[in-house]
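Chemist: Pasting in a structure now, in structure tokens, and then I'll have a few things to ask.
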Amino acid sequence: NLHLYHQHSCCHPKVESASSISNSSETPRRLHDGASASNAMEAFILAVEDALNSCDIDSPGARTAPPQHPSLNAIRQSREAYQTVWKEYYQLRHTPLPRDIQRQLRQPTFNNWPYSDAQLLRFVRFFFTGDDGITPCLSQDGATEALLMSFIDDRLCLAKRCEIPEEILDAWLCAVYAKYNCVAFHNFKHSFMVTHMMYASICSADLASLFCHLDLFTLLFAAICHDLDHPGLTNVYQNNAQSRLSILYNTLSPLENHHCAVAFELVRTPATNIFINFTSKEFEIVRQNTVRCILGTDISKHTDILEAFTAKMVEHSIEGAALAIGGGLSTSNETTPAESVLNGSAPTISQLSAIFEEDDESHALTMVVLLKMCDISTEIRPDSVARPWLKGLISELSSQRDLERRTNLPLSPLMDESNLVQCQINFLSFAMLPLAKALISIIPALETCFLKPTQEHLAHYRQIAAEQAAAQQSQQFASPSETPVGMDESTGEENNSKWTSNSSEIPDQ
């Protein structure tokens, strides 16, 4: 049968149809198209693989997004620079602090500028260790004060109470110092000032009677760590530039989240693990409260936190907090919640402790507000202290605007010497004053730390604004122009643009 089949095939050759001939002629084209399709698929697969290789799921944005500062290496401290400070600190760390300096450190008016970074580190060590076992010298009229200060310091021997080995505390402080950058405002000195104000608040208001040692430790730990590795560029810049931090934290407080991450990364090695003798529960409590406090320093969350805090206090029938809510956005400088304190409506320490015992949220929010208040406290320091800080802030914001201009990003609001007075009035009125009022409504002893200085600085800047306005008005009348008022000098035509009803150009009355 097979033979017959072959014979049949040979005897009767197959006649191809027209369609088969046509298909035969398209074979090379199909092969070419098939090769093209195969190449396209390979190119597609390569593109997807390249995308995956660029995507670092362990650190989102690390390979595809710009860093948090375009010159990150330039703003970070050199090894030589921070080791120089380490060596000076190492020599100073056991040097007893004179009683006069200890007294100054307990005051909210402390001036950081005369001291080196190593000396400031030594002061931070004092905040964590207490009085270093030094017995203060008693003056004839200072015995009572010295006894009180000694008692407060004994409760503030936090390193001892938390069982932090001395060498680990010193190593950790040096590591923290090295992770602050060389920027004009958000640098190590700023973190010191925030930590100092926290310590001064603890001493001034006897917060050791209100908070346990873990809370006090958390407040100081969060204060010194709250701006770690700050690039000197705001969250708005991070999100507009779609930086690595913005990608990593989904535009949600990218800087504050980064500060928290760095803070706890620094304690993951044995040499700097100040939590070595904490229980798991203690560490988790400190971590949760620290993260919440540092995230609360995001200024964009200011109003939300203030409203939540005052609402909580009203919930507990604290009259002063109700006043703070009612006048929270008022710029009035006449009525304060502190007046209700004098009338006996503020809670006592024992009453507030009972509230904290029953309500964890009230307790946590109070810690958040304390750090927020300390974070912005350089604005209400004595002028000789505050003025250089204002210049640093202006410099940092100006550098950001220059960068935004070069990279075609939206420009941040302008703040310079030309509008400094009005900027300060706005900040003190709408940020500092409501927060201070709310805090004083529950802790009246903090009035001298925060409320009175805020009122004094606000009055000072308002006086300057009034004098400037009067001087400008006098100058206008003293040097009349030859051109009639309302006439354009170049054309002689009437010009009413100066008087157009543009709300953004009408000065505050």
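Note: Cβ is positioned from N, Cα and C throughout, glycine not excepted.
TrEMBL does not curate its annotations; it predicts them automatically.
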Chemist: Report the candidate from His190, His258, His316 that shares the Zn(2+) 1 site with His226, Asp227, Asp375, as recorded in TrEMBL.
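Modeler: The record-listed residue among the candidates is His190.
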Chemist: Do you know which of the recorded positions His186, Lys189, His190, His226 has the most other C-beta atoms within 10 angstroms of its C-beta?
Modeler: His226
Chemist: Suppose we draw a 10 Å sphere around the Cβ of Phe188 (AMP binding site). How many other Cβ atoms does it contain, all chains included?
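Modeler: Summing over all protein chains shown, Phe188 (AMP binding site) has 24 other Cβ atoms within 10 Å.
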Chemist: What is the interatomic distance between the Cα atoms of His186 (active site, proton donor) and His226 (Zn(2+) 1 binding site), given in whole Å?
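Modeler: It is 10 Å, counting Cα to Cα.
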Chemist: Output, ordered by sequence, the same-chain residues six or more apart from Gln424 (AMP binding site) with a CB under 8 Å from its CB, or 'none'.
Modeler: Glu379, Leu390, His457, Tyr461
Chemist: Can you tell me how many other Cβ atoms are located within 10 Å of the Cβ belonging to Asn187 (AMP binding site)?
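Modeler: Around Asn187 (AMP binding site), other Cβ atoms within 10 Å: 20.
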